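Since the structure comes first, as C-alpha cells, the remarks are kept for the end.
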Amino acid sequence: MARLILLRHGQSAWNLENRFTGWTDVDLSPAGEAEALAAARLIRDEGLDFSVCHTSMLTRAIRTLHLVQHELDRLWTPVRKHWRLNERHYGALQGLDKRETAARHGEDQVFVWRRSYDVPPPVIAPDDPKHPVHDPRYADVPPDVLPCGESLEATVARVLPYWYDAIAPDLMAGRDVLVAAHGNSLRALVMHLDGLDREAVSRLDIPTGLPRLYELDAALRPVSYRYLGDPAEAEERARAVAAQGRLEKN
C-alpha cells in the first residue's frame with residue numbers, strides 16, 4: 001500500500017502579515033520554521049518514512065521540506081521541484097493585506113476571489129515586473145503557460161498534469177512520497193484524490209504545517225486519510241485559514 005504525505009508549508013512572513021502571497025517568493029516566519037520541525041516530529045512519531053519528495057519553486061515550501069528532511073536525517077532523499085506545484089497565482093492582489101482589501105472592495109468580493117472555484121482575481125500584465133515571465137527560475141517554462149492570475153479551477157488544471165507525470169508514477173513504483181507545497185496546490189491534489197466537487201473544494205481549508213497522510217490502494221484510490229497529530233488542532237488551524245480576509249466584528 002502506497003503512502004502519500006501532503007504538507008502545506010509552515011507559516012510564511014506574509015501569512016503572518018495576512019497578505020495575499022501567491023507566487024511572490026517570501027520566506028518562513030519563525031513560527032513557520034517551528035511548524036515545519038513539529039511536522040517532522042509527527043512524521044517520525046508515526047514511524048513513517050518517504051523515499052522521494054516533491055515541492056514547488058517557492059522558498060517557503062522548499063525550506064519547509066528541507067527542515068523536515070534535516071530533522072529526520074533525510075537530506076539525502078531525492079527532491080523534485082516544479083512550478084506546477086506553486087501556489088495559486090493571485091494576480092494583482094499579491095502583496096495586499098487581506099482585511100484592508102476586504103474593507104476596500106467588500107468582504108463578499110474578497111471571499112469570491114479567495115474561495116470561489118472559477119472566478120480569477122484581477123490579473124497582472126505580462127510587462128509587469130512582478131509577472132513570473134521575468135523571474136529567472138521560470139526561464140525554461142513557455143511564457144504562454146505562466147499565469148498572470150488564477151482561479152482555483154485554473155490552479156487544478158495546472159497541478160494535475162504534475163500528479164499524473166511525476167507523483168503518481170512514484171507511488172505506482174512503490175515509493176512513499178512527501179509533497180511539500182501550498183494551500184491551493186494541495187487543495188487541487190485533495191480534490192482529485194477525494195473526488196470532491198467544486199462546492200466541496202471551495203470549502204476545504206488546508207492548515208499550515210500539519211502532515212496529511214493518505215494510504216492508497218494499487219489504483220491510487222484512498223483507503224484512508226487523516227492529519228497527523230491532534231484532530232482538534234487541525235480543525236483550529238483550518239478555521240484560522242478560513243477566517244483570513246474577514247473584517248473584524250465590533
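Using N, Cα and C of the backbone, Cβ positions are placed for all residues, glycine too.
Among the features that Swiss-Prot reports, substrate binding site is placed at 8-15, 21-22, ARG60, 87-90, LYS98, 114-115, 183-184, with the record citing sequence analysis. If you look up Swiss-Prot, you'll see HIS9 marked as active site, tele-phosphohistidine intermediate, on the strength of sequence analysis. The active site, proton donor/acceptor annotation in Swiss-Prot covers GLU87. Residues or ranges marked as site 'Transition state stabilizer' in Swiss-Prot (evidence: sequence analysis): HIS182.
Features per Swiss-Prot, on structure.
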residue : record                             : DSSP (3 states)
ARG8    : substrate binding site             : strand
TRP14   : substrate binding site             : helix
GLY22   : substrate binding site             : coil
GLU87   : active site, proton donor/acceptor : coil
LYS98   : substrate binding site             : helix
HIS182  : site 'Transition state stabilizer' : coil
> How far is it from GLY183 (substrate binding site) to the residue listed as 'active site, tele-phosphohistidine intermediate', counting Cα to Cα, in Å?
Replying inline: 8
>> Using a Cβ cut-off under 8 Å and a sequence separation of 6 or more, which residues in the same chain sit near TRP14 (substrate binding site)?
In response: PHE20, THR21, THR24, VAL26, GLY95
> At the Cα level, what's the spacing in Å between GLN11 (substrate binding site) and HIS182 (site 'Transition state stabilizer'), rounded?
Replying inline: 11
> Among GLY22, GLY183, all listed as binding-site residues, which has the most CB atoms within 10 Å of its CB?
Replying inline: GLY22
>> Test of understanding: give the count of other CB atoms lying within 10 angstroms of the CB of LYS98 (substrate binding site).
In response: 22
> Between GLY22 (substrate binding site) and GLU87 (active site, proton donor/acceptor), how far is it from one CA atom to the other, in Å?
Replying inline: 5
